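Pulled from TrEMBL:
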type     : residues  : note
DOMAIN   : B:9-83    : domain 'Glycine transporter'
DOMAIN   : B:95-167  : domain 'Glycine transporter'
TRANSMEM : B:6-26    : transmembrane segment
TRANSMEM : B:33-54   : transmembrane segment
TRANSMEM : B:66-82   : transmembrane segment
TRANSMEM : B:94-113  : transmembrane segment
TRANSMEM : B:119-140 : transmembrane segment
TRANSMEM : B:152-172 : transmembrane segment
TRANSMEM : B:178-197 : transmembrane segment
Amino acid sequence: MPFPILIDALDLMGTFVFALSGAMLAVRRDLDIFGIVVLAVAAGLAGGLVRDMLLGAHPPAALADSRYLLTALAAGVTAFFLNRQIERVTKPVMVLDAVGLGLFAVAGTQKALIFDIAALPAIVLGILTAVGGGVVRDLLVTEVPRVLREEVYALAALLGAAVVVATDRFQLPEGPMVVAAICLTVLVRVLSVWRGWQAPKAPKPPKPPRTP
Amino acid sequence: MPFPILIDALDLMGTFVFALSGAMLAVRRDLDIFGIVVLAVAAGLAGGLVRDMLLGAHPPAALADSRYLLTALAAGVTAFFLNRQIERVTKPVMVLDAVGLGLFAVAGTQKALIFDIAALPAIVLGILTAVGGGVVRDLLVTEVPRVLREEVYALAALLGAAVVVATDRFQLPEGPMVVAAICLTVLVRVLSVWRGWQAPKAPKPPKPPRTP
Amino acid sequence: MPFPILIDALDLMGTFVFALSGAMLAVRRDLDIFGIVVLAVAAGLAGGLVRDMLLGAHPPAALADSRYLLTALAAGVTAFFLNRQIERVTKPVMVLDAVGLGLFAVAGTQKALIFDIAALPAIVLGILTAVGGGVVRDLLVTEVPRVLREEVYALAALLGAAVVVATDRFQLPEGPMVVAAICLTVLVRVLSVWRGWQAPKAPKPPKPPRTP
């Protein structure tokens, strides 16, 4: 980890952005200040908590270091007071969410590699870190998680995670490659929303023999 | 931990009360005896299991000690046979739920402090221990968790957890303070239901530019 | 563990079958290829991941060994291309699901015993391993998990897990008993579907005093 401070700062930025997405969802669902804070904390920290529980990294970073919680709380308070302003700027929020996705995918994959996880599981842990907070956020208000609804969300995280694994495998210069990985995720995610990219669906039978 | 036996007894009481809430929800949702037991175990044990997974306390208390499972099973069987009687006494059940909330918030925070978690994350773990079982219970039947719907639920747990942290920080006498912390949580929770306290909601735009 | 290779093979078979169930659900819900893969991985691996997190088995088997992920991905791809053929053979799929249930219940209980978990919690961990993937799968598309809806699902897993615990307790020959445990679970599950067995429900009040 040659860039601990950079990674640290990126991690907190990602936490803020994701916590903000949770808090904004809570505002839209008409939850009170406590619901807003709960969803902010869940969306901001759950991805990293699940990653650290799976890796056996105890205590998890988000509990060992109070700054993560303070960051998520700050996002909740920000959304409480400024949600009308934030709601008006959906495009910047979408870009910020893509940045959070890239930051967490990269940080999650790097941490998995540090714990000697193999390439494929490390990529999965990176994706899980990136989408986990959003999954918990959406499940808490009983919505199907965005990662299942939006086409190129997990894929964008996967690309960033794969670049990190390739950097490690081929001993590429870590600094520029981390930046490249984050940018790749952000670019693919933003482009996919902008251009309305669709992933292929399975050809289905004309009428299923039974309902799910 | 100067009161291991007291804490132990409180933990089992909290487990029973929460497991009962899960079993009663299963009865209302017309689930069979297995569904009742599953929801009882989930509601009674999930909060502590998540806390112990996050702390790296292996094996978790609820698995290391069979009494927790037996307690949850007993609650399931109780609800199966006596649900009509229990349903008629909603006020006592609400008070019992508040007691469980206080017990788990205090026990969760104490365990976090024993694992050298800092003040703020210890409070969050206490809240998570207290509300985690209810969250899993509600998610399993695809309801928005009570902690997001009811105003002063997480807050009541937070107050009890904060008293525990203050006790530890300022070296206050642990016995009386633990009792005070539990009473504070119960009091705030019961009063909030009784008086219909509402937490503030965020001022929202007249019409959101897009649906969530 | 006298049969590491057998257990290994059974574990991968169970992973494939459960991953297939997740992928097929994703196809029915009209999710795209990424959603299919996410649900396949969740359904195939979540049970074992939760078991390993609770036991403190780090890193979890499903991450330490890339074959689990590859197996789940293979199931996702299989469902993507062959879902119409698979959908037509619901009975074989149901039997396969029962086999997965038996395999995971046995493997989960065995692993818990290796980690010195007592009999009752070991059975619960076996059940959790067996039904965990399905629970996560169903929650991700906001359905009430099958384990709560279908009568004799958790019970079938419980029977297999109990046989494993009895084998350990009474020093019975492990090879034949493992086979017997899996067969028992499969048999009970398949019979229960075939004969429409129903578990008893709690006698309910004619009209509940309040909605849940």
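Using the three backbone atoms N, Cα and C, a Cβ is placed for every residue, glycine included.
The transmembrane segment (B:178-197) is in contact with the transmembrane segment (B:94-113), judged by 3+ CB-CB distances under 8 Å for residue pairs 6 or more apart in sequence. In terms of C-beta pairs under 8 Å, the stretch of B:6-26, B:33-54, B:94-113, B:119-140, B:152-172 lying closest in packing to the transmembrane segment (B:66-82) is B:6-26. Packing against the transmembrane segment (B:6-26) from elsewhere in the chain are residues 35-45, 47-48, 61-62, 67-68, 71-72, 74-76, 78-80, 83, 86-87, 93, 96-97, 99-100, 103-104, 106-107, 110, 133-134, 137-138, 141, 178, 182: each is 6 or more residues past its ends and has a CB under 8 Å from a CB in it.
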